[in-house]
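Features as listed in TrEMBL:
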type: BINDING; residues: His73, Ser113, His114, Ala115, Gly145, Ala146, Asn174, Tyr285, Glu366; note: thiamine diphosphate binding site
type: BINDING; residues: Asp144, Asn174; note: Mg(2+) binding site
type: DOMAIN; residues: 315-479; note: domain 'Transketolase-like pyrimidine-binding'
Amino acid sequence: MSILESIRGPRDLKALSEGELDELAEDIREFLIQAVARTGGHLGPNLGVVELTIALHRVFDSPVDRVLWDTGHQAYVHKLLTGRQDFSKLRGKGGLSGYPSRAESEHDVIENSHASTVLGWADGLAKARDVRGGDSHVVAVIGDGALTGGMAWEALNNIAAARDRRLVIVVNDNERSYAPTIGGLAAHLSTLRLTDGYERALAWGKEVLQNTPVVGRQLYGSLHGAKKGFKDAFQPQGMFEDLGIKYLGPIDGHDVAAVEAALHTARRFSGPVLVHCLTEKGRGYPPALQDEADHFHTVGAMDPLTCEPLAPSAPSWTSVFAEELAAVGEERPDVVALTAAMPGPVGLGPFAERFPDRVWDVGIAEQHAATSAAGLATGGLHPVVAVYATFLNRAFDQVLMDVALHRCGVTFVLDRAGVTGSDGPSHNGMWDMSVLQVVPGLRIAAPRDADQLRAQLREAVAVDDAPTVVRFPKESVGEPVPAVGRAGGMDVLRRPAEGAGAPDVLLVSAGALAPACLRAAELLQARGVECTVVDPRWVKPLDEQLVPLAGRHRLVAVVEDNSRTGGVGWAVGQLLRDAGCDVPLRAFGIPERFLPHAKRGELLADIGLTPVEIAGRISAALARKENAE
Ligand SMILES: Cc1ncc(C[n+]2csc(CCOP(=O)(O)OP(=O)(O)O)c2C)c(N)n1
Ligand SMILES: CC(=O)[C@@H](O)[C@H](O)COP(=O)(O)O
Ligand SMILES: [Mg+2]
């Protein structure tokens with residue numbers, strides 16, 4: 001049995017010798033590379049926190065002490081050390097979540113994968129502990145990327161205000177989000193890394209003092225906890241300490257003993273303390289370290305030796321957007337682009353390559369991206385803000401009050417819209433067409449195929465007096481879905497059979513589920529039910545022609561890859577009611593609940609967004625209508 005296999009929980013770590021700890025770290029790295037290569041997942045981030053997580057669980061007593069992770073994608077080692085070593089179905093249906101999960105373990109607290117929240121959680125947990133009179137520890141692990149998010153600074157401001165409230169912050173500084181972390185904070189953290197004098201003292205302390213019996217180790221430990229003056233001799237640690245938060249570091253995050261020494265010092269401290277750990281994303285796996293894009297931040301299932309994907313990938317919606325935006329950039333010198341620390345994943349690579357001065361990575365700061373875009377638009381440019389749909393949630397007020405209220409021509413391109421699946425409940429892009437419904441003047445396009453994405457992106461960037469949104473899912477872009485006619489501004493995708501008499505169902509298909517809608521119409525026709533299938537293209541505002549069109553059918557069905565609550569189905573219903581049209585309507589979408597991690601196809605089937613289910617439920621609705629008549 002390997003040392004890793006002998007670890008049933010954090011207590012088993014406490015008795016390990018230094019040599020066994022080194023062997024455990026090797027076991028864990030080998031396990032991660034093999035397991036995550038099989039399933040896909042966050043390989044780079046987890047290879048970077050092996051020693052840090054071992055040290056955390058040796059110094060603190062989870063779950064009495066609360067160990068919190070931001071955004072949780074780097075909690076695989078935490079899972080391995082807290083009794084969960086079956087990674088065979090990682091991020092798959094019925095398998096381990098890719099993030100902490102309360103259902104899986106008492107050691108897990110924060111389940112969401114939205115960044116920069118951990119310090120807020122820690123502030124609340126520490127306050128609750130003190131109000132209730134506890135003496136446990138609250139330990140928040142935050143990445144250098146997550147630290148660029150505004151929420152982190154709101155929390156730091158509060159944490160720093162309570163000089164006598166014990167709270168340990170561990171900054172996992174690998175100098176990267178996906179790409180190298182941007183901004184003044186990243187620069188400050190880097191200066192702390194680069195001070196030769198301090199590093200020499202660090203190396204001397206490690207070499208000489210740690211090997212000197214008793215006194216040496218304590219002296220080495222106190223060097224780390226040395227007064228501000230000592231450190232300032234090497235490098236001003238101002239920022240955190242001036243805020244009122246004790247700074248310990250920089251610590252070699254891959255040296256278990258060094259991290260443990262710092263954590264013990266932090267543990268004894270009577271107020272908020274920040275331990276700055278220097279780590280390497282992808283540590284111990286050369287292919288990850290050599291990956292310039294993102295050090296294997298997320299990998300698909302691959303051969304661990306060659307890193308070749310196990311499944312061929314077809315062109316994605318993202319790649320279509322990426323190429324078209326670069327083409328638009330050639331024609332429109334006013335078009336600029338913003339990303340929240342994800343230039344690659346959101347498809348800004350080609351644009352950035354051609355127009356490096358017209359793209360900005362703002363860090364994990366979607367709120368800032370939206371408001372800065374309002375400034376860019378007011379300054380005469382047309383910004384394209386490329387983010388994942390779920391992450392725009394946190395910038396709702398900025399979209400509403402900065403962009404829409406001021407009628408700014410800003411285009412938000414929402415990738416990963418709809419059911420995403422393997423990243424779990426907080427990654428599904430299932431809320432944007434509901435949340436954004438209430439933004440006056442904002443327009444939403446939901447393209448059904450690559451051609452429509454290209455066309456609607458161009459239509460969006462042509463609007464200079466209102467926010468526009470173009471949203472598409474996380475999957476390969478399918479075959480073209482041609483129109484067979486027009487109805488107002490809408491595309492007709494299917495008409496009832498010639499001579500079939502009055503059509504029964506108007507099927508409104510919003511976005512990328514058009515192929516499923518067309519298939520459902522075929523299944524219905526086989527049951528003698530005739531459908532007209534339309535694609536509104538722009539789902540906000542809806543085309544008024546929907547009203548007369550609906551009036552010529554017995555039932556309206558709306559299908560969307562978005563929450564049913566307040567989505568396109570709701571908007572169509574309101575449009576019809578306001579026009580006095582009382583044709584019955586059925587809205588097909590994502591139910592108002594958090595979806596567990598599973599494949600996109602599995603989840604779509606589970607929630608009834610498949611041709612068979614859509615056809616079946618439309619059939620049943622017609623039957624009920626006939627029985628009632
Ligand atoms: C609000 C929000 N925006 C974007 C993301 C996407 N995202 C996930 S991890 C990550 C980078 C995190 O960097 P860091 O905190 O340094 O952790 P590391 O991966 O380097 O360990 C980003 C941008 C997110 N999870 N949440
Ligand atoms: C943790 C996080 O939010 C991202 O790393 C996310 O997992 C990436 O999602 P995709 O794999 O869909 O790009
Ligand atoms: Mg990082």
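For all residues, glycine too, the Cβ spot is worked out from N, Cα and C.
Automatic, uncurated: that is what TrEMBL annotation is.
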List every residue in the same chain as His73 (thiamine diphosphate binding site), at least 6 positions away in sequence, whose Cβ is under 8 Å from its Cβ.
His42, Pro45, Asn46, Gly98, Tyr99, Ser113, Thr298
Rounded Cα separation (Å) that holds between Asn174 (thiamine diphosphate binding site) and Asp144 (Mg(2+) binding site):
7
For the domain 'Transketolase-like pyrimidine-binding' (315-479), what's the mean pLDDT in this predicted model?
98
In Å, how long is the longest CA to CA span across His73, Ser113, His114, Ala115, Gly145, Ala146, Asn174, Tyr285, Glu366, which the record gives as the thiamine diphosphate binders?
32
Ranked by the number of other Cβ atoms within 10 Å of their own Cβ, which of the binding-site residues Asp144, Glu366 ranks first?
Glu366
Quick test of your reading of the structure: among the binding-site residues His73, Gly145, Asn174, whose CB sits under 6 A from ligand 3?
Gly145, Asn174
Enumerate in sequence order the binding-site residues His73, His114, Asp144, Asn174, Glu366 whose Cβ-atom distance to ligand 2 is under 6 angstroms.
His73
Far apart in sequence but close in space: which same-chain residues, 6 or more away, have a Cβ under 8 Å from His114 (thiamine diphosphate binding site)?
Thr71, Thr390, Phe391, Asn393, Arg394, Ser426
Cα separation, Glu366 (thiamine diphosphate binding site) to Asp144 (Mg(2+) binding site) (Å, whole number):
16
For Gly145 (thiamine diphosphate binding site), what is the secondary structure by DSSP, using just helix, strand and coil?
coil
Under a criterion of Cβ-Cβ distance under 8 Å and sequence separation of at least 6, what residues of the same chain contact Gly145 (thiamine diphosphate binding site)?
Ala115, Arg176, Ser177, Tyr178, Thr181, Ala341, Gly363, Ile364
